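As recorded in Swiss-Prot, the features of this protein are as follows:
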type	residues	note
BINDING	188-243	ATP binding site
BINDING	Asp314, Glu328	Mg(2+) 1 binding site
BINDING	Glu328, Asn330	Mg(2+) 2 binding site
DOMAIN	155-361	domain 'ATP-grasp'
Amino acid sequence: MGDKKRVLVIFGGQSSEHEVSRISATSILKNINLDKFDVSMIGITKDGKWLYYDGPIDKIPSGEWEEIALKDGTRSIADRVSLFDNIISCKNNACGLEKASENEKSKKIDVVFPVLHGCNGEDGTIQGLFELAGIPYVGCGVLASAVGMDKIYAKIIFEKAGIPQADYLYFTRKEIYGDVEGVVDKIEEKFSYPVFVKPSNAGSSVGVSKAHDKNELKEALIYAARYDRKVLIEEFINGREVECAVLGNDDPVASTVGEIIPGNEFYDYKAKYIENTSKIKIPADLPEETVEQIRNYAVKAFKALDCSGLARVDFFVHKETGKVYINEINTMPGFTSISMYPMLWEESGISYPELIEKLIDLAVQRYNDNLKEYDE
């Protein structure tokens, strides 16, 4: 067997999905094939410090990893890790991972797996850093990550691509805080209750509310504006919530379709990660033509945003008409034990370790495809 690929797994981050990231990363670290990959880990604390971690994997979900990382040696958090000087070299193609000590040599890496959800993780920011440094990385590029994270602009792209979706409006935080009554009036002119209110840039249903009347709508608008400066309002679709996984670069393929059966009124953050009351059905009990339509729309959305590597695309299937509506796309879906993305591929014939290997290979493939040759 040849040399192992050196993979850097990054977890944590400063978003509201920090805890989900830690759980996703732990799941990946437990399933990655160590016969093929040499794995290093970096955790990003909630206050944005990057820490090299080589301790037990099972200390990551609880957050204990941070204390262990800080106790490693006598270095303080200030000199333990420095992003630009000591962790990732921004000299193009340097691909360097260094520990903050004069006595330790740089550890080279081949691929980064950024298991980061939410802002500053899957919104194109960290992807831009990897592009600048010339390091292959798992997942979508800067453009697809940024657009996929912004629900409003993703909807604009889906509309242009001809993919059916719920009707919508959007407002800025300034508009909401400045005249919430006026914003409510505009929403009521267009939609009847209930409506969904969402921060434009947030994942895992963070900041999302279902408003049934004027008072709930006001509260929902102010609540969503806490999480982002843009707020999306969508008409209510009385639909079943289904999801489809996509894998690939230029020739992506779609998985089977799974259904979320929410334990709450809708599949919010609590239902996903805290109460564990929702149920998952894979494959979804849907007519074959509906499944194929969902799979086709998933690939169409993936291509419309110029995604690469992976994405999970969420849909509604109207309970009465059977019409399919795209809800949103997630360019770094969860990898927890209850996450749809790996489960959908497992049902489709790709095991978790195989899936991780394919994602790493796709990252290298895209990196090589993007290399530009210039005439001297």
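Our numbering is plain: 1 for the first residue shown, then up by one each step along the chain.
In case you wondered, yes, glycine gets a Cβ from its N, Cα and C as well.
Features recorded in Swiss-Prot, as mapped to the structure shown.
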| residue | record | Cβ within 10 Å |
| --- | --- | --- |
| Glu188 | ATP binding site | 13 |
| Val195 | ATP binding site | 23 |
| Ala202 | ATP binding site | 24 |
| Ser209 | ATP binding site | 21 |
| Glu216 | ATP binding site | 16 |
| Tyr223 | ATP binding site | 16 |
| Lys230 | ATP binding site | 21 |
| Ile237 | ATP binding site | 19 |
| Asp314 | Mg(2+) 1 binding site | 20 |
| Asn330 | Mg(2+) 2 binding site | 22 |
### Message
Restricting to the chain of Glu328 (Mg(2+) 1 binding site) and a gap of 6 or more, list residues whose Cβ falls under 8 Å of its Cβ, or answer none.
### Response
Lys151, Ala154, Val313, Asp314
#### Entry: Per DSSP, three-state class assigned to Ile237 (ATP binding site)
coil
#### Entry: For the domain 'ATP-grasp' (155-361), mean pLDDT (0 to 100)
93
#### Entry: Distance from Asn330 (Mg(2+) 2 binding site) back to Lys230 (ATP binding site), taken between C-alpha atoms, in Å
18
